[in-house]
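What follows is a short report on a single structure.
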Amino acid sequence: MGRKEDNIAKAMKLIEIPERIRNIDIAAHIDHGKTTLSDNLIAGAGMMSEDLAGKQLLLDYDEQEQARGITINAANASMVHEVDGKEYLINLIDTPGHVDFGGDVTRAMRAVDGTIIVVDSVEGVMPQTETVVRQALKEKVKPVLFINKVDRLINELKLNAEEMQKRFVKIITDVNRLITKYAPPEFSKQWQVNVQAGTVAFGSAYNNWALSVPAMNIFKISFKEIYDYVSTGRQKELAKKAPLHKVVLDMVIKNLPNPREAQKYRIPQIWKGDLDSEIGKAMLSCDDNGPVSMMVTKIIIDPHAGEIAVGRLFSGIIRKGSELYVSGAGKTKVQVLSMMVGPDRIPIDEIAAGNIVAIIGLKGAIAGSTVSSLSDMEPFEPMTHYTDPVVTLAIEAKHTADLPKLIDVLRTISKADPSIQVDINQETGEHLISGMGELHLEVTIYRIKNDYKVDVVTSEPLVVYRETVDKKGGPFEGKSPNKHNRFYFQVEPLPENVVSAILDGKIPEGSKFKDKKAVMANLEEAGLTHDEARGLVCIYGTNVMLDMTKGIQYLDETMELLIESFNEAMDKGPLANEKVYGLKVSLMDAKLHEDSIHRGPAQVIPAGRNSIYGAMCEAGRVLLEPMQKVFISVPQEIMGSVTNELQQRRGVVEDMQQNGEEITIIAKVPVAGMIGFASAIRSATGGKVIWNSENAGYQRVPYEMQKDVVAKIRERKGLKPEPYNEEYYASL
């Protein structure tokens, strides 16, 4: 029996002992070395050959990932590691660092209890590091730190042992600043990473060595000796003396929580049901004997096996043949249960609470689905990712015969990657696919062509805009087609704090609130008046609808239809049919026909919508465009060509930081200006540039450009170039 098979046999025994399980992920900025670290950990734990690790990129098993040299999906692997004579099972998820694939990071964080934050010792803490730390702490996932590429400090930057330690102190301080900023108050001190406590390790994932203060004491190695090994080209010897997998996995087992410990404080964060119910208690204690509760964090589409749902089991036992309920999709039967080891799935007969598992047979499950043995389990909190899709492509099948297949493929893809939004138009045959950036869409289109074998034609990338208003407008009269009902809506910008609270998930969307009083209190705290908060009717996207009327007859019966009008108006604004952002919509008055037959959907919905549109015209309509913050590291002598390129794309340079010979330029650029940026910047600098970006919210389109941009969007959508004004809505 080979070492890999032997370890799989050990893993089968450990899945039944929650105290011996660690569910972790590795999260970092792009190219800081996450996948190399994962592969060398898996090899060291005997799950793949050691010569190949780091070159093989086991977890980057998608053809696209290996070609681009970046991780696109979050891949999983389980491995066995021994500490102090006891064996432990570590379920590891490798997550992408590229901003376009941030949705995968969010979903991976839901499945794990601990995270290894990887920071490149030369680059230090970068923007995406901050994003992943924030995401981990929001999900109450405990961090430890691995400082990678330490050999570069010695061989490239020529630092001595003392300067190297100073660099570590700066990185540790920066990471702890993020932990203080984003950790839940009860953990902000307790979870600080600390060299003496053994929650920091450093080394070179590529060269397969690592050390921490506890390890330096065990292996009797000093900083000076590390310096000597690396500077004299003896990293192979160092790797034999201080193997990466031993040091890092020891740190994980000693400092990160097992599922039983973690679920006590994580469940109240991710599940808002009754903690005293049978299933609530079972999840808090990670109990095998309770009902099944599982959250799907990823759907993998396999050409042979079909859809595989990967997720975290919080309570109960799932067996082959178990009948389970998938939230929003009904009852289904488990066909195959397996553990994931990189691309290999190892079939098993049953799995107990606290594990990460892959299941075939969960019909209708998508990333985010709740799976339970109870038909009425309260679903888990939705996974909020920090950014909306910002770039869209129109896509159609090259051959008409492929049209039905393309529609199926698009539905499948949006299931597997919920950060892709798909808009299917059966009538025109042109479908829209929206993602987090140009690269995200490129990879998705590649998969449609190569994995699903559908030939497609795509448009140039289009930017996803938003609409809002400048000031207060209305109350504006909207009349029903039969003229028997009139509504008077007023609109104005929603306070910024309320928008942030909705985006952060502190204020939930919807119109049926479980605890409406708490939502009202949060709205008031974020900036609405007491009366406005009491008038809450509905929250949709980043928009809020309020009822400010008093004692109007029949209004209650009509409110559902008015919510429909509000949602329709927010989905397609009056300027360019784009979604509306950050709007406060207040119903100030209404006149209704006493006979309900005269105030049905066909009367009320258009009247409400036209009233909101008219009020928005009076309030001064504004088009917003998505922005990105761009970080570009470039040698000093070619800095000019980079700033030129940015200015041509309406970019504004916000900061420049010198780091040795390199300069890091930080700029804010509209997403519209970022299209085609990758190839342009490569040719402008002869490829001597490292850059990445993160989404940075929305900003107004410059006044002098708005009219042209609106006309282009409207023409693309088959509308007349000029938007209607308030006189038009008053005349309806």
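Including glycine, each Cβ sits where the backbone N, Cα and C put it.
Predicted, not measured: the structure shown is a model, and the values here were computed from it.
The domain 'tr-type G' feature in Swiss-Prot is assigned to 19-260.
Classification of Lys34 (GTP binding site) by DSSP places it within a helix. The GTP binding site annotation in Swiss-Prot covers 28-35, 94-98, 148-151 and rests on sequence analysis.
Under the heading diphthamide, Swiss-Prot lists His598, citing sequence analysis as support. Its Cβ taken as reference, His598 (diphthamide) is surrounded by 15 other Cβ atoms within 10 Å in the chains shown.
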Just checking, which of Ala28, Asp31, Lys34, Val150 (binding-site residues) has the fewest C-beta atoms within 10 Å of its C-beta?
-> Asp31
When the pLDDT values for the domain 'tr-type G' (19-260) are averaged, what is the result?
-> 83
Of the binding-site residues listed as Ala28, Asp31, Lys34, Val150, the one whose CA lies nearest the CA of His598 (diphthamide) | Ala28
